[in-house]
Ligand SMILES: O=C([O-])CC(=O)C(=O)O
Ligand SMILES: [Mg+2]
């Protein structure tokens, strides 16, 4: 039986001292940080290899727990929650990292430029003006994001090439799918403050996305280490 994202992990047969990671299964379902071993020689479940590929030191986190801790924080300041309008399309359902931003309207030039440059584990937040008319990200850009070490993309707009997005080991959240690409005629802006569904997001914020939603904070929310 193929291992799906909710399958329990099998213990790895050949420990590797150089590559360890927390179990994605335990993050999601028990929140117990169980260490597993990962190396290229043994039959680690594919989703674990994917989860380990981008961020070699993943952390356990829960957006619900973050919200419990910050529920009385003034809205739109230190701690923000994006509205529940984003769908998950990428090969990683949970991701986190420092925020970089681009702003564009039905032209994905700055998105392309960003994902073709080193991501260093950051999350690219794309202010696409919530347009549902053009796809700002597709399979090629998702593959570039994975290759260049981006943890994820949050697109206030649409994406396409669903099968390719799912195959990329990167988080991808967007409003919807549309097969129509952009025309590259209007350059956008990079690393500027943006408004995502009415929520302000600035470069250097921290973004955490899991199965329950997406939260943004001025400061990192996870414990160091
Ligand atoms: O090229 C584009 O504009 C979007 C796309 O299909 C891809 O990234 O594969
Ligand atoms: Mg494409």
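Backbone N, Cα and C atoms are what each Cβ position is placed from, and that goes for glycine too.
Remark: residue 138 (substrate binding site) has 159, 160, 161, 164, 165, 181 as non-local neighbours, by Cβ distance under 8 Å and separation of at least 6 in sequence. According to TrEMBL, the feature substrate binding site maps to 138, 139, 140, 141, 160.
In the three-state DSSP scheme, residue 161 (Mg(2+) binding site) falls into the coil class. Residue 161 (Mg(2+) binding site) is surrounded by 21 other CB atoms, counting those within 10 A of its CB over all protein chains shown. Per TrEMBL, Mg(2+) binding site is recorded for 161.
Taking all protein chains in view, 21 other C-beta atoms sit within 10 angstroms of the C-beta of residue 160 (substrate binding site). Among the binding-site residues 138, 139, 140, 141, 161, the residues whose Cβ lies under 6 Å from any atom of ligand 2 are, in sequence order, 138, 139, 140, 161. Under the three-state DSSP scheme, residue 139 (substrate binding site) falls in the helix class. Between the candidate binding-site residues, 139, 141, the densest Cβ environment within 10 Å is the one around 141.
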